[in-house]
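Each remark here refers to the structure printed beneath this line.
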């Protein structure tokens, strides 16, 4: 579809959240279609996880986004979907790859939303493809478990914070989940949640550096629990790390299901977003150093630095491989 002004920020760059929402819609269509391809109980595929995705090139107003999805692995109860996003300048015909993403879905019964159904297997052209997919499946399963175990933090407001501190840029958004946000089962679309998360992360980044900002990458997004229609969700974001040219922002979503069932607030989704600061000409700008004050902030900064260095090393290794 063509990118319109309401898809973009004030500088004309399409929001990362808009692209994430399109990616998730493509993944949901293909995985739901596949899970209903054989006779059996009807189901809807629910998003469980999005692997790290890099925003390779910015997309602008007036360009056409083409999103394509392919199922690359199936386990007994989950589907791996690979999605590519191409942008096309319809005036010149020029095309470029803007995103590559890997998503995991599980099929939920239409009759019983807590029942996970079995996934029809796919046929692999080579045995190696199945083995590689199984390895990715085991790795994401372990990472999801580790992420859920460390999700206990809450963001509290800070009175009169100093500029460039964590408290100065931290932000929260409260959203009542309505019917238009939900799937046939009455649970929030993963793409809707990711779009809101990107919006909050973008506010944190803009508050910190006071410039135009764009999403550079998103670490793995883990969907720990379903969010039901009627819940009030709080999307919170805080700066965890800055390098010379990038900012890492932790974002998590907490749900309050107070309409139908009396249940305690719970952590539903978590992820790390990376942003870069751009000049009016679209050139990268230096990012102000994050000022850490508490021991927890210093610990999170060091953890973010570790993720940054790990990603940098992986990117350099890929570039060397490509050069060879």
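Here the Cβ of each residue, glycine as well, is placed from N, Cα and C on the backbone.
Where the annotation comes from TrEMBL, it is an automatic prediction and has not been curated.
Residue density at residue 9 (active site): 17 other Cβ atoms are found within 10 A of its Cβ, drawing on all protein chains shown. According to TrEMBL, the active site annotation covers 9 (among others).
Here TrEMBL flags 198 (among others) as active site.
With helix defined as DSSP H, G or I and strand as E or B, the compositional bias 'Basic and acidic residues' (296-306) counts 11 helix, 0 strand, 0 coil. What TrEMBL lists as compositional bias 'Basic and acidic residues' is 296-306.
Taken from TrEMBL, the feature domain 'HotDog ACOT-type' applies to 1-111 (among others). Under DSSP, the residues of the domain 'HotDog ACOT-type' (1-111) split into helix, strand and coil as follows: 23 helix, 52 strand, 36 coil.
Secondary structure of the domain 'HotDog ACOT-type' (167-281), assigned with DSSP and counted as helix (H, G, I), strand (E, B) and coil, comes to 26 helix, 54 strand, 35 coil. What TrEMBL records for 167-281 (among others) is domain 'HotDog ACOT-type'.
For 295-324, the entry in TrEMBL reads region 'Disordered'.
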Distal contacts, the compositional bias 'Basic and acidic residues' (296-306) - CB-CB under 8 A, six or more residues away: 166, 240-241, 248, 250, 272, 290
Helix, strand and coil residues within the region 'Disordered' (295-324) as assigned by DSSP: 29 helix, 0 strand, 1 coil
